[in-house]
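**Q** A single structure is presented below for examination.
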Amino acid sequence: MSNNYHIAVLPGDGIGPEVMAQAYKILDAIRKRFNICITTSEYDVGGIAIDRHGCSLPAKTVAGCEQADAILFGSVGGPKWEHLPPAEQPERGALLPLRKHFKLFSNLRPARLYAGLEVFCPLRNDIAAKGFDILCVRELTGGIYFGQPKGREGQGKYERAFDTEVYHRFEIERIARIAFESARKRSNKVTSIDKANVLQSSVLWREVVTEIAKAYPDVEINHMYIDNATMQLIKDPSQFDVMLCSNIFGDILSDECAMITGSMGMLPSASLNEKGFGLYEPAGGSAPDIAGKGIANPIAQILSAALLLRYSLGHNDAANAIEQAVNYALEQGYRTTDLAGNGKAISTDEMGSTIARYIAEGV
């Protein structure tokens, strides 16, 4: 395993730069503790890139990302750029082209309820008390969002609209492998979500996932219909480890998983291609209303750095160290404003420094 890596850092807009500053602290602590050589280069993206370069994804940014082992992404967008045509706005003009350029076909969204944060979980107390730690693995480039034909035709009462759910065998195979490999780093359980009692695309999905599962005899596999899965997530989320989903089902379930954790400020996200190259970002937005106030929760950005170390750089030990430090900081009662309730809140900068210190101390 190489110990020399280069990361393209794209802080973006809103709270992006201030939470990214905390991720830098974490990477520095990881360098020192694990003797890993990690270098970084920073590039403009989103609204700030529009202001400086005239577009949300400059060619220099793309070229810099091509030279890196992974991308650590902040957040983009804000009211300042909402007057632009939709295709030119930061969100659509930056993230979607990056995903397409680097062929990022899989999205990984962890959702964990940390001890001490049960009060923020909207589920019943006895359910929240059990906790949960779920990884939603979503296929990003196939399915009904991209299938052809799609469109509208006709007039009057005969006007109709249509979309087409299409999945190729190779698309299902590669996302299934991501799910099973991820399960091996966790609790060795995959729940594949489909609607095989109605949809032909789901029949193929279930067949292919069942075939791929044979190569992972150490991983438990079970299948669940999407309607039942949405119910089971509310009834008992602790039953899930890795949830394997098509594009549209993953879109729905990953947001449901996010909501039951109680705070978007805790949720990282990873988008990967077949070579392990990935873009890592917080699941929340740029939060321009709190930008510059020093109150943003940096944990999602910090945990995104942990995912980067695990999935693109192959350093699961370093990723675990970050996650353990985050958990310990929360156990010790450290909270940013979004999680403080009636208690005392610490700043964005203080939270980053606290977690970095715990990494250095090896908690």
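Every residue, even glycine, has its Cβ placed from backbone N, Cα and C.
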**Q** Which candidate from Arg109, Arg112 does Swiss-Prot annotate alongside Arg99, Arg138, Asp227 at the substrate binding site?
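**A** Answer, per Swiss-Prot (substrate site with Arg99, Arg138, Asp227), from Arg109, Arg112: Arg109.
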**Q** Cα-Cα, whole number of Å: Arg99 (substrate binding site) versus Pro90 (NAD(+) binding site)?
**A** 14
**Q** Restricting to the chain of Pro86 (NAD(+) binding site) and a gap of 6 or more, list residues whose Cβ falls under 8 Å of its Cβ, or answer none.
**A** Arg92
**Q** To which of the binding-site residues Gly78, Pro90 does the lowest count of other Cβ atoms within 10 Å belong?
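**A** Gly78, out of the binding-site residues Gly78, Pro90, has the fewest neighbouring Cβ atoms within 10 Å.
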